[in-house]
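Visitor: Below is a structure I'd like to ask you about.
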Amino acid sequence: MFDLGTHGFLWLAALSLIPTRVFCSSAEIPDVPSIATYFGTKTRYEEVKPNLLRDPLTVNTSVLRPPPGEFCTPFHVTAVIRHGSRFPTIKNIRRIHRLSELLQNEGSRTSESSAGWLDELRNHWEPWYTEDMDGRLVRKGREDLQFLAQRLATLLPSLLSEENVRKRRIHFVTSSKHRCVSSVEAFQEGLQQHWSCHDSAQGYNHEVDDELMRFFERCRGYVESVENNHTALLEVEKFKHGKEMQAVRKRLAEKLGLSLHLLTPDLVEAAFFICSYELSIKSIHSPWCFLFDESDAKVLEYSFDLKQFWKRSHGHLISSLSSCPLFHHIFRTLDKAGRPRRSTETGPEPASVLVGHAETLIPLISLLGLYKDQTLPTASNYHSQHGRRFRIIPYAANLLFILYDCQRGPRLQLLINETPLRFPNFQTEDAPLYRDVRAAYRYLLDGCDFKTECERKPEGRGPNTEL
């Protein structure tokens, strides 16, 4: 997670908020497991933005931060968004069924725990997941994107305006995966709902572009040296079989009355994921959640973070370089939006919305130089990594590039999950001049060629130690 919940975003609740309407009283907010902030990429967006549990349309307009002494107006936004909450993929559905069968067939009735939740697991809980669900967007996932669209329309009303929605001046791009196509459609529905548009039956155009949104599949250097290279994730495997995970396995085996050798690390993860899925899909506190205390959850979260760090992020340089096509696309879009025009020319495209995956956002965020720690996370330094900056993005995570028209020239502000984030070379400015940001990334804009980086032989592509 990127500073999720108790990891650093709870202060958002104290900011000045603009309530649009109240959806539920505090008594109606569902019971949330204490471990809900540790689910890695299976985390609900509400764990990043806890105020949304009370009102999913709450907007904090103070996140827009052009220089206070300079008159500025937003005139373009590029949004890179992860799909909303989804069903498990087939791999995890099969693990869930194996775990359920193991508990029914092998679980001892004389385990150390006689808690009611354990009785519920054994006698009442059934694995309701079917393989045809395979990562598809759930109803909650559609709401994730609908509400996000409405909040962004409130935050940037001149860009995601009713006129721009009606005239279809907003450009939409998505991955071909069903959950992403459904997410972009839900985002469009959210805009139409916000502006009370009545022509939604006509649909809304979107472009499917896997070269842009699933670049990681097309980068041969990445596929060969990381995706299909068992040594690339060596730190992850070492941690999964290390002392911290072994201790979690032992505690769970005792609680469930299972032989330790039957409860593999993958099945421990499956039990943890059931807790996350039941929360993100059904908004319920699953009995599986009671298996884990906070210390267990932190170990599992670290295992997930290690995997994403070494597979998608700073661990191997090719992982972030694989996102060059998306990086260049974003800056081409910003360049075009900020280009001076004659009075007879049409105005800039007000918004570009790109919907993809966690695997889309994490390499891009890494390429931008964000969330870098001084020390690489490894299998052996778990206890010194509790304050790490690198954490995994939730469902519906979003990276917003907002261009302002200012007196001194265009300025660019970056938001992650609707929260300001400063560019690495501009730690004293929320919205530096666009030309300065572009100059700071010139080495990538002039280089970072996808064919050069992805088609060269993978030899010598070791860990990126320049952190």
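Using N, Cα and C of the backbone, Cβ positions are placed for all residues, glycine too.
Whatever TrEMBL says is automated annotation, not expert-curated.
Below are the features listed in TrEMBL for this protein:
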DISULFID  C72-C406  disulfide bond
DISULFID  C275-C289  disulfide bond
SIGNAL    1-24  signal peptide
Visitor: Please identify, from the disulfide-bonded residues C275, C289, C406, the residue with the sparsest Cβ neighbourhood, meaning fewest other Cβ atoms within 10 angstroms.
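Guide: Ranked by other Cβ atoms within 10 Å, the disulfide-bonded residues C275, C289, C406 bottom out at C406.
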Visitor: Pop the Cα-Cα gap between C289 (disulfide bond) and C406 (disulfide bond) into the table, whole Å please.
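Guide: Rounded to a whole number, the Cα-Cα distance is 50 Å.
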Visitor: Work out how many Å separate C275 (disulfide bond) and C72 (disulfide bond) at their Cα atoms, rounded off.
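Guide: A Cα-Cα distance of 45 Å.
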Visitor: If you draw a 10 Å sphere on the Cβ of C72 (disulfide bond), how many other Cβ atoms land inside?
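Guide: Looking across every protein chain shown, the total is 20.
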Visitor: Taking only the Cα atoms, work out how far C289 (disulfide bond) lies from C72 (disulfide bond), in Å, as a whole number.
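Guide: About 48 Å separates the two Cα atoms.
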